[in-house]
Every structure is written in structure tokens, then in C-alpha cells.
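The following features are taken from Swiss-Prot:
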type     : residues : note
CARBOHYD : Asn91    : N-linked glycosylation site
REPEAT   : 107-128  : repeat 'LRR 3'
REPEAT   : 131-152  : repeat 'LRR 4'
REPEAT   : 179-200  : repeat 'LRR 6'
CARBOHYD : Asn342   : N-linked glycosylation site
CARBOHYD : Asn371   : N-linked glycosylation site
Amino acid sequence: MALRAPTLLLLLLGLLLLPLLPGLPPRATGCPAACRCYSATVECGALRLRVVPPGIPPGTQTLFLQDNSIAHLEQGSLAPLAALRHLYLHNNTLRALESGAFRAQPRLLELALTGNRLRGLRGGAFVGLVQLRVLYLAGNQLAKLLDFTFLHLPRLQELHLQENSIELLEDQALAGLSSLALLDLSRNQLGTISKEALQPLSSLQVLRLTENPWRCDCALHWLGSWIKEGGRRLLSSRDKKITCAEPPRLALQSLLEVSGGSLICIPPSVNVEPPEFTANLGEDLQVACQASGYPQPLVVWRKVPQPRDGKPQAQAQLEGGAPGLGGHGTRDTGSGMLFLTNITLAHAGKYECEAANAGGKARVPFHLLVNASRQQSQQLPDPQAPATRPVGHEPQHEAGSMAFRALGLATQTAITAAIALLALTALLLAAMICRRRRRRKKVPAPSGEGTLFVNDYSDGPCTFAQLEELRDDHGHEMFVIDRSKPLFPEVLPEEAPEHNPPDGLKSGLRLPTRVAYEIHC
């Protein structure tokens, strides 16, 4: 029994010291609900979370948030977690990353974003991650990697981009990744990749490019030569078999087996119909730039600025599909539509459509004129139909001026001639009217005009038959007056006008003018 007492004492002491052992950390206080927390690790996976839960201990170094429904990562949601080194956000529903979302995690070494719904990456999405070593972006919906996307990751060693929909990798997309050792671009939609895109990767040791629809043309000639010369060491035996998908004559052939003479390109040709168009104020306009070539050219619209004070200005690219007169132009494969909405005089001027592929570049100008007044909308002709020039040439301005001097010389001359012609016509009409009035004044009035002849023919009312007989030899009508009323006012003999009626009217009486008489029949 004496030996058993110390043994029991040691067992009790061991149970008291067991929570203090480093292998079994105690449960931390302040752990988010339903999460499991340890001294430096917090597990919140598969809890149907929609946001990062509050209350995570500030000293957390490893955070598991996988298999949830987090769709938005706000900029300040991770701000208290400055000590974080491993963050697992895979299999969520993230659609975008705000600029500076990880600014407060300068010690982060590993970031897992696999299996989300990211469609694009902003240039400042990874600002602050100066110590990041591994970045998982596989299994998203990325389609383009723009220039300087990973510029703020100088110590990144592994970049996993497989199983996306990447079809465009810009020349400076991987700029700044001087420490990158592994790049996985397999199972994407890449048709080509430029030599300039891989130049910043001075520490690259593993490159995965398989299962992409490679277009074997002149733009990919460098890749075959690079693999044969020194890039072979970066590729596994599987990755060396880069299979062509285009053109059809080279389909399913390995790039390394295709001769350099078969990797050809067709320079682009470009056409805009009509080359000049007249638009009205306030209307919308769509202009198609048809480009052809192999590979399919990339099309960009630019507005050629008017020089000021003899100094040419830089060209402004236009967004294909978006209105405006500046900004960054977007590339469009083939359709090449220029969209202008609510046209003003500032839209007038010269535009340029540029098509480019690995075989070269081609440009074509387009001239836009704007009517000063609103008119009925004009429709552009169908690009497939024969070219027709726009109808109607009203006062047009190529700049913002509304002055008469802004018009062309031919337009000014036409307006001046029209005004002079109208003035001459008005003078001729006035002269003709005056001449006719003078002729009317000179013509004498016919004899007997304005004279009323009265005949005392009946002693009473007359019939219509008698009225037909009351006409003199010259056809004048003879009217019958009432004898019961005086015929004339009393007129002095010296005031009576002298009048000799014509022959055949001796029995008639001439009534004085400006005197009213009552005549009964």
C-alpha cells in the first residue's frame, strides 16, 4: 500500500498538468458560434456561412472557411486578423475580390480560393500580400488575366490557375512574379501565349500548359522553338505534348512535330461601310468595322483628336459597346462595333478602326458629321448590303462651333447665292406690280360708265315682260320710277352739269352722282 500512494499522487498531478502540454492546446475563449477554436487555429468550415463570422480571436494564424456560401469578402472583414498566415476560402460562392481585401494580412503565406465563382481579378485585389507564397485560384470562372494582376506578389512561388476559362493572357499579366517557381495553366481555353508573358518568370521551374485548344500559327512558333532549346526541363513528359486544335489541317498534331513553315498567319484586312456618315443631334449610332484574317484580328476603335495650337494629341481609345469619347478601348474579335449614344457636336470628327493579329495591323478611317439641328433619324445601311452614301446634306459641323465660318466654303457660297436670288426675285415682283398699277391709271373709263338712265315709261307697276322691253339701242336697262316721289333734289341751273346723252337716249334722264334714289318696279 505504501507504493500505491505516490503513484496515485503522480497520476493526479499529471491530470492537472495535461491541459498545459503543448501538443494539446486548450479551447480559446471568444470563439464564434458553431466554430471550433484552438490556440492559433479556427475551423468554421461547412457551416453555411454567408459572411466571415465576427469574434474570431485576433491571434488566429490558420482560418478554415471552406465549403460555405460566402459570396462577398468585404474590405474590413479580415482587418482584425493581422497575424493570419493560412486562409482557406475554397468552395464558396465568391464572385469578386475588392481592391485591398487582404491589405491587413501582411504575414499571409497561403491563400486558397479554389472552387469559387470569380470571373475577373482586379489589379489591387492582392495588395498587401507581400509574404504570400502559394495562391490557389483553380476551378473558378476566370476568362482574362489583365496586365499587372499579380504585381503585388513579389514572393509568390506557386500560382494555380488550372480549370478556369482563361482565353486571354496579356503580355504583362504575370509581371512582378520574379520568385514564381510553379505556374499551372492547364485545362483552360488558351489558344495562344506570347513570349513576353513568360519573360518576368525568371525563377520558373514547372510550367503546365496541357489541355488547352492551342492555335498553331505564327504566334506560337516561338513556343515550339523554346521547348526544343531550353524549356523542355520545365515541362513534364505529358506537358511536352502540346496538341494543336487549330487550324483544321494541323488538328491533333503535336506542336513539336509541326514544321515552322506550317505555322503561318494571314495579315488582317479591315473595312468600314460607309466611310462617312451624317448623324443628327441626340440620336444613337452604331458603326460596324469588318475585319478578317488568321488568326481572327482583335479590333479597336479610336477617335483621332483634332490638333490644338499645332500640337498633336494622343489618340483616345473607345469602348466597343460603350458610349463615350475616351477611356480604355476594349478588343473585339471580328464584330468591331462602335457605339455612340446621344450624339452631340463633340462626337463629330475622324475615327479609326484598327485590326491586329500576329500577322500585322490594318487601319481604316471613318468620318462622322453631325447636323446642327435635330432631324428625323437616319439608319445606317446593312453591312452586308452594297455600300450607299447617307442621304441629306444639311448644315454640318465637324467641331463644336455653331458659327457661319464653321461651314465649308461651298456651303457658304450656296447660302449667299440663295439669299441674293431671293432678293432679286422680290425686286422684280415689286417692279411688275408698280407697272401694272400705272397702266390701269392711264386707261380712260368707257362712255356712259357709272351713269344710270331712267325712263318715265309706265304709269304704274310694270310686268317682267315690259322690263325686257325697257332697253335702249345700246343695251342699257331702263328702270321705272315712282312718280309720286320727286326725282331729283332741286338744283340750280348754273350748278347743273352739262351732259349730252348719246343718240337713242334722248328720253332718258341722268341722275346726279352721290345721290340715293328709291326705285320701284
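Positions of Cβ are set from backbone N, Cα and C atoms, glycine also.
Sequence features annotated in Swiss-Prot and their locations in the structure.
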| residue | record | DSSP (3 states) |
| --- | --- | --- |
| Asn91 | N-linked glycosylation site | coil |
| Asn342 | N-linked glycosylation site | coil |
| Asn371 | N-linked glycosylation site | strand |
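Taking Cβ-Cβ distances under 8 Å and a sequence separation of 6 or more, the neighbours of Asn91 (N-linked glycosylation site) in its chain are Gln66, Asp67, Asn68, Thr114, Gly115, Asn116. Least crowded of the glycosylation sites (Asn342, Asn371), judged by neighbouring Cβ atoms within 10 Å of its own Cβ: Asn342.
The two recorded residues, Asn342 (N-linked glycosylation site) and Asn371 (N-linked glycosylation site), show a Cα separation of 13 Å. DSSP states for the repeat 'LRR 4' (131-152), grouped as helix (H, G, I), strand (E, B) and coil, give 0 helix, 5 strand, 17 coil. Secondary structure of the repeat 'LRR 3' (107-128), assigned with DSSP and counted as helix (H, G, I), strand (E, B) and coil, comes to 0 helix, 3 strand, 19 coil. Mean per-residue pLDDT, taken over the repeat 'LRR 3' (107-128), amounts to 94.
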